[in-house]
Amino acid sequence: MSAESESRNTEPWGSFDENQGGGSAVIDMENMDDTSGSSFEDMGELHQRLREEEEEEEEEEGGGDGEFLGMKGIKGQLGRQVADEVWQAGKRQASKAFNLYANIDILRPYFDVEPVQVRSRLMESMIPVRMINFPQKIAGELYGPLMLVFTLVAILLHGMKTSDTVIREGTLMGTAIGTCFGYWLGVSSFIYFLAYLVNAQITMLQTLSLLGYGLFGHCVVLFITYNIHFHFLFYFLWLLCGGLSTLRMVTALLSRTVGQTPRLLLCGTLSVLHMMFLLYLHFNYHKIIEGLLESLEGPPMVPMQRVARDVPELTLNASLLMTH
């Protein structure tokens, strides 16, 4: 049995030796897996990588506990700071939105007025009140005055376009808005300053409302005279409408001011500024009727030019010069 097993075990090696002795070795590549070598290499690299990561973790846990905790603490602080900044930014945005809504709520009472009340106040702005012994009631709202200022801006734009006004710097819209709002806000502030000096019982809101409603007469006068170009009509409406609206404001200030000199100073200043402003708007942005009449008459005649005389003598002198 032993001899047979030895002969069986040595037969493959014997065939291999015989083939090797022939000088060539034949390997059947078809029976081998193409991916066997690469899979073993990948597994080796993966095993080596895991081994290195485990060693690094053991080193960090064993020898660098303080450093590890320090890095973790820094990362935690940075994360908390970023989260805090995001929270603060959102809080600021929310507070701005709430503040804006609160500001709108603050301004809402000054514009909360019925159209019937605005219409009645427009009519009352042209009717002077004779009672000056007691303070007259002045509306503390801004809706009517603001609408009148915008109406005056539109009428002024119409006058600029019909008069062919040329603005070198800026636009017609900007000029009209600046003129109307500048007068309303500027003169109201100046009158309130004078009222404060003479101890008149009026607030800034009441001054804005009083002067704003006083522009109703200006709107009526300019709307008519920008479309009907007659000077006598303008002067008549200037004295009638402009005078009535100015007199209404003067009586309101007289009822809230004590003393002759303070009354004269305050009411005289307001009257001059209000009436002069209407004259400025008319003559600065108005197509004058004389200009239309001149355009209808035709272009002006060209003046006669002087013609040189003694033409024969000039030609004789020129011919003598040519001969020489």
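In case you wondered, yes, glycine gets a Cβ from its N, Cα and C as well.
Record features, source TrEMBL:
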REGION    1-70  region 'Disordered'
COMPBIAS  53-64  compositional bias 'Acidic residues'
TRANSMEM  142-160  transmembrane segment
TRANSMEM  172-198  transmembrane segment
TRANSMEM  210-226  transmembrane segment
TRANSMEM  232-251  transmembrane segment
TRANSMEM  263-283  transmembrane segment
**Report entry** Contact call for the transmembrane segment (142-160) against the transmembrane segment (232-251), three or more Cβ pairs under 8 Å
**Finding:** no
Query raised in the report: With the transmembrane segment (232-251) as the reference, which stretch in 172-198, 210-226, 263-283 has the largest tally of C-beta pairs below 8 Å?
Result: 210-226
